[in-house]
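**Student:** One structure follows; several queries about it will come next.
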């Protein structure tokens, strides 16, 4: 436990070097400039406010939202208003006087007037930053966040989060003190303090506007695209055997306290065949999301039923292709004991909108229960990483089968029939007649981990779970894929090393690839028939930045056809799961 706290503290300190600090850096600098006459009280207020806010909201935000019904976006909007208000105070003296009166009351225990206004203002700024900031999360903080999302907050989780926020606050405090000292020691800066404060006031307002419109995230992506090695490997020191063992012990201890002995690593893996009963217990659906077509449901109240948990999002083309099959299964088996629950986990910001989701449900004619998972609470509880993903749960609440991506519809229906028979359903027809839906692609879904890889053309035998060197054959057959260079091929995914390539011979109109990064964002160059092209969306001028666990659109042609796709990897960070085509 002490080791995790120490590493969390170090991770917080190192965060100042990461790209994630960029969006809030103008706020931190402006706080020091605006409070130059208040001494250390303003920086102290900022770091205390940040530590309290970041620790509190990291651990309890999901619970607050569930209990109060106040949307996360409302809290975020209030924080943005606070940041913008401080920017305005540097431009408009009358507004600054008004704020000083407010902060004098807020921090009445401070010994001096300047100290009171400086500390109170800093406290409010720090509190807002703690809510607005999204850190570059390493394994330690990620484990804490996943517990917090599911409502499981322990003393250990509190201490780890507090240590991380303390570590982050130290360089923030030094940056603010450095800014103040520079102003005091350089006569020209001190004589032009009024103009400098106005410039930083404008910067703070622009930062608030940028955060509101998510420009901060796009700017971060631009920086990483321009400087791809920036921040690489900063969280890697956490990813070692010692820390992993500590996290496993922490997870095991928490599960015992909550009555769930299932290890998280057992969930979220592909299950290629129907497993025996009493395997992996299905995590409960996390409450708090809006439900459609049903009152809120829990797996506990569905005991005795066969349940399919389907993670999807309405703009995902691969998800859309699975919906007709789900509709058909729902109509066919709902009276036999099958319950399908769609968990809508949004890939894009607009997919969080309740009205948009409701319209999509009507457009796709979906009548089974669907719940919004805007905070990815249920997604994380299932350790899920894919759209679409289906988990088949038996009458006693155990996951017996799972499938990620498209395909395997006949196999999935056989699983439904077997689980329904176990639950006591009778008069089940063994006939399977899934509808056929035409798509433009002639190339099937291609998985890249050794567990399900097909059409692999490199002459070398795959080395499982370790680095191996591969090559591309002179002639690549239809729908074949080849690795070249150094690759770490795992059961579910393949991890190329810097300078490695992947070549694919495909026939379709669109090409998608499920990818994630194991650390800093990964940069992937995309060549279609030996040319880099701009296909928009994820592929900008032939470059894809992998910064989330999601489906990336690599190619978007006007007409389908056979082409050669080559991917070049600029770092070691990308993990590749599966190609899908449209």
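The backbone N, Cα and C atoms fix where each Cβ goes, glycine too.
TrEMBL annotations: computationally assigned, not manually curated.
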**Student:** For the record in TrEMBL, which of the ranges 11-37, 119-145 is the transmembrane segment one?
**Tutor:** 119-145
**Student:** For the transmembrane segment (196-215), find every same-chain residue at least 6 residues outside the stretch whose CB is under 8 Å from a CB in it, and list them.
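**Tutor:** Sequence-distant neighbours of the transmembrane segment (196-215): 23, 26-27, 29-30, 33-34, 77, 80-81, 83-84, 86-91, 132, 183, 189, 349.
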**Student:** Tally the residues of the domain 'Thioredoxin' (276-421) by DSSP class, grouping H, G and I as helix, E and B as strand, and everything else as coil.
**Tutor:** 52 helix, 33 strand, 61 coil
